[in-house]
């Protein structure tokens, strides 16, 4: 009894250094361990303020230099497009007898805002499930997204826009949506390396990934003439496999030193649900944001709506099924329930039919849930891929599924079904340049190209990111805000108290 | 002093079994009680993993069977409508010389997304006020909503759509909004039984409630020719009284065994405010989502906006007034402030005038706040209705008020006021089929019909849900995520610590 | 060791009275201090239920009287405008051969809803960063916003609407947006006095501020013919300097008695990020909500989008730069990252060019971050302005910057650049009434007028608010929900535990 009290206060003294102690204790429940971990604690303490992770010079330099470069490039290359430029729009109105409500803004802006919410709230909060990494999840998501959308405007504009001639990049609401899409891809990769990277490292990753995304997107949509409005291939497959390869190269054999922080607490799981629900609700807007006007946007949104609904039931069903106690797992709900949106990213604009969408969503939810349960452990142990958020299950496999579904649905397209609407969905088939099955082949090739560029690109960028110059965290304090953020004391402290509490009381039970 | 320390650690040992101990102690502050409750604790512990509540077979079976049935029915019965089908839309454009921005999508999709947020974030987070039921509140809300919107598409389509002939159900953005509306009704009923039901039980409830909702809606809008764009009757009155009757049948005499968990903590009340504010902000979109184009949508949104604003001031005023210390009660703010949206659900599209809307909102906020303070306890003690979220105060009474206001406003309609706009709001009055006062009578009859179907339906479905086959929780562990979810440890533990803390320090004060 | 245990439990006894004790202990770590603070604690405890802060009569009276006055004024003065009135809209359609999608609703409602989210979620949650003031931050924000938007409809309608003749105020979606804008200004001032005012005091402040806002807005936009679509001057500069002056008059020399509560905890900072991200995402809608149709709305949204993105990189860069350890500060991220939206509030609708917007955003983020680090302490110590949320850094300086940028951009306007679009942005320049440089002068004068009215108005209203009749909190329990809200017990208690824990363990380290 008395000893408990001593332990209590002693532990109290120790744990305040760092949260890892409690975890360490759990592994080695010996008195000696305490000293060991107290020692370890001090060491980490020093690491905390170590020059290696001090970003006082690196982060400001990176942010400011990148922004200055972007501003210069915008000044020289970027112009308002015809719907945003005061002079041109008014000329267009008088010339083509247009009215203001024909401005692209009214067709796309509501969808843009929904996509915007997915990028900043959806992705940002989805990653707050980690108990001590909420600031970084939302905060780094915010930083790299704000950078990527500017950089993407230039990279995508360079490949797509430039072709339009006069050597300028013309921007408007559609380019804003595409920039957000490209950003989404970077955030997917972020999910794979979450907790193990410094903000500088993430910005450097974004610099390269955005460029590679733009190249891949250009090859698929312009060169190969593939269709991928919702980005099953360009966004999800690319982002996932690029990120997984980076995670592979950045593999940390001793990451288990931080494993007690690589988990959620009650409130952090609720914050994550904010991200999940927003992604789920607005996915119909995501997939339909850049499809053709009229029936295309309408149909794409509806197909996605039903795919997600079916996906959710599959996720709940299989989540309970794979649990011995039949209990639901937040990890599945937070992620697998979204796979239905990923899987109709390509076929959503096609005449997939509502029940077709449901079947795709149901399959996506199933493979995603099973992936979390059975595949992720294998990836980590055998392939040495430490996929923090399980992006392989949410974006990787469902993205590939979506690409395949897209290829099949395209190959099955007939004028009988699409009528004059064929022109919007498959212009080359409509103009008899190619057959529908050829369009299906294009889609299949596009998947292969995407996988190739993503894996190769991730490999190269992974090695660039491995350089010891970005202030990435040591194995002992990954998944920890304290290393890059001023973290308020109390909450941190009370987490200690609770961890301590757990052991004090567990002992008598175990004993 | 020393004894306190001993108690502390001993309690520590005990409380880790289950959170109910602290509560039990408060009731019987005797040393003996600890043993008693420790025993009780073990018993509950076993119940936790009891076969009765283990859903490993039941939940997957229910989810997968229901989804498969839905997919089959969609495959056989559901088709894209004229605005979503590629072929038909393009035919329509060329035939009627329409342009893409006349597609229903652009009139309704932004409203749909707002409604969607209310259903999944609004209802979901509103119910997270319970300290240990956040996963279930958001998670079960998510599950039954995802199911209900699919099922509602079929049920509503069967009654409304089929009539359009060719034996198919045609869907588009408007049917999506109506499906979300029906889902909202199920979620209102969920609020009445929150914390006392298993997910399987909730899905079964949804199966029946959606069907009954569709029947009632068909009788009101099609057979009786009533107007109820925002669903004061069809959604709120129906959902509330159906749920209250179910709660009555499922009455638990010994629910006080879980009463320590049937309350909020600081952060859970903040999560709940996310739900409240979203419901409040988007209610104008909810009420205007399916009204006629043009002035109708515009007017409905504005009437709702002012009704809610007035309702909020009434809620704050009366919340402070009914508190001896003049302190505001989160329960009132989270719920009563929304009653203004419910109460203009029927009359919102009519020429209610802005100040008329404010009067209705002010009344709704008042009766709702007073209902929470004075009526809810009576409902529980006298009528044995354990209404967890107080849906009677937020949806029940304000829904009835809204129906009455609608009947009066309809009866007062004149061509002088509505002009040609009469056709959109009261087509039968416009075509001189009936008088305005007759329309008022229709509205009144509709309220009676709704109450009848809701109460009778709730009674029958209640008994179906009473069967001991759904794995519903025992009285001792209601309002507890742990029974159906994998819950992370720490947070649970620290809640113990805090409860312990409370007593340690309370003792000396009481003594 | 033993002594620690005694301290522990004793403290436990004490802290349960009030959270301030722990803080007090930190200041004077002597055994004597405990008694002192225990005594202080009791005293505060009594203050808690003191008649002075008991709002049981004051708050209900204020809410109900204000609402009744508003309803009477609406009944006598307010009418539906031509787009919301059933009769008028249908007359207009037939007269001018208009169609429903030309109804103002479809041009403005999506933007309105985004603005609405900024007002209620954005501002509300941004202020939840305080550890024990979340209920009040969201709750009082909710209350004063719900009041202000009704009151603003009347005040703005009186100045703008009345002029349109027939002595009535005509309302629709545009007046709803403007009412929300005016509300935003009140909420900015709320940020300056957050935690130190009673809800009654805040409502009284709103009564006066809304009226002054409407006067200033009328002078700027109608009398002076200035342009300020996003409200750099009318909303941000006005709200900030008005609030700062009020805070100056309400200066509390002994506020440090509550300083332990004037800080954040881990979860409260995450809640605040919800507010930040929503403000950031929807700011493009805010600035473009009332600009002219077509290219103007489109361009304004895009300029804001890029300004905010650049601002975010500047904020992260300088936040790390000003920290000795190179760590990011949540205060900067939560606030300074938004300054880019404020700074393009005036020039956003002009042909600012994308890179111009980025430069403005970058500057705004920089001065805002530096302001938090270096200027705020000076304001408090030297000028005695206790600016709780640092509105001077987020709205004050960036607002002035935005006004200056607007003046310069206006002066640089040429027909060469704007073409026929000139009419929408600078009607007087288009009609050759004035030169572009004269328009620039108008803008500059408008800034001076705004500062004058804000400062003078804030001074007068500050003294009105200083009257000891509003039940404002004592210095010892500011930043504390418990004084005006029923706060659930547990969480409060565990916060104690944590605070206690901190010291127990800190002692040995310091020693």
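Keep in mind that glycine also has a Cβ here, set from the backbone N, Cα and C atoms.
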### Query
Do you know which of A:10-31, A:32-53, A:142-163 TrEMBL annotates as transmembrane segment?
A:142-163
### Task
State the residue range annotated as transmembrane segment by TrEMBL; the candidates are A:303-323, A:387-407.
A:303-323
### Region pair the transmembrane segment (A:335-352) / the transmembrane segment (A:202-221), three or more CB pairs under 8 Å
no
### Task
For the transmembrane segment (A:142-163) and the transmembrane segment (A:59-78), check the count of CB pairs under 8 Å (sequence separation 6 or more) and say whether it reaches 3 or more.
yes
### Query
In the same chain, which residue numbers or ranges, 6 or more beyond the ends of the transmembrane segment (A:233-251), come under 8 angstroms Cβ to Cβ?
181-182, 184-193, 196-197, 205, 209, 212-213, 216-217, 220-221, 226, 342, 345-346, 379, 383-388, 391-392, 394-396, 398-400, 402-403, 406, 446-447, 450-451, 453-455, 457-459, 461-463, 465-466
### Query
Per-residue pLDDT averaged over the domain 'Ammonium transporter AmtB-like' (A:96-468) comes to what?
97
### Task
Could you give the residue numbers and ranges of same-chain residues that sit at least 6 residues beyond the transmembrane segment (A:202-221) on either side and whose C-beta is under 8 angstroms from one of its C-beta atoms?
62-63, 66, 140, 143-144, 147-148, 151-152, 155-156, 158-160, 182-183, 185-186, 189-190, 193, 227-228, 233-234, 238-239, 242, 246, 446, 449-450, 453-454, 457, 460-461, 464-465, 470
